[in-house]
Every structure is written in structure tokens, then in C-alpha cells.
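Peer 1: This is the structure I want to talk about, given as C-alpha cells.
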Amino acid sequence: MSDFENKNPNNVLGGHKATLHNPNVSEEAKEHSKKVLENAGEAYDESSSGKTTTDDGDKNPGNVAGGYKATLNNPKVSDEAKEHAKKKLDGLE
């Protein structure tokens, strides 16, 4: 039975990537996940921490600007975060 049978392949691969970063998972499970990712043609960088970055380089500029605009209008966001969003928006224009 395939890992992808009747499942969204991106979700399956995402689960295997998460397995590699989970400290509560056995080495055997991590090896299996690494093999699945390699067989699927997914490049895995072991130096990657799995954390997201704040680099907006590959993102849709319209979506990035929209997110910053939403931050400015959200009453639950701190003044510091709003100031940061304003600076980022000014840099996009």
C-alpha cells in the first residue's frame, strides 16, 4: 500500500517533513520519512530548522501588502507590530 493512496500527496509529504523535526519520534521513523521524501523527489536540507522566515522574497507582493494592511487595521495588534507593518509597507511601495 502506497503512502499516497487516497490521500493528498502534499499533506503526506508535509507529515513526513514534520516527523523529521519532531524530537519525540524514533530514529527508525525518521529514516522511513527521509526515504519517502527522497523517493518522492523532495529535497530535504538537514540543516533546515523547519522554522519559517520573515523573508518576503518568494511571496506574492500583493498578498504581503494585504497582510501588512490587515495588521494596521487589527485592533488586537500591538502598536509595535503596527509600526513594523507600516515600515514594511513603505518599503514595498
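Each Cβ is built from the backbone N, Cα and C atoms, and glycine gets one as well.
According to Swiss-Prot, the compositional bias 'Basic and acidic residues' annotation covers 27-37, 77-93. Taken from Swiss-Prot, the feature region 'Disordered' applies to 1-93. Annotated region '2 X 30 AA approximate repeats' per Swiss-Prot: 7-89, in sequence order. The repeat '1' annotation in Swiss-Prot covers 7-37. Taken from Swiss-Prot, the feature repeat '2' applies to 59-89.
Looking at the shown structure, what environment does each listed feature sit in?
Peer 2: Mean predicted confidence for the repeat '2' (59-89): the pLDDT average there is 92.
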Peer 1: May I have the DSSP-based helix, strand and coil counts for the residues of the compositional bias 'Basic and acidic residues' (77-93)?
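Peer 2: Split by secondary structure, the compositional bias 'Basic and acidic residues' (77-93) comes out as 14 helix, 0 strand, 3 coil.
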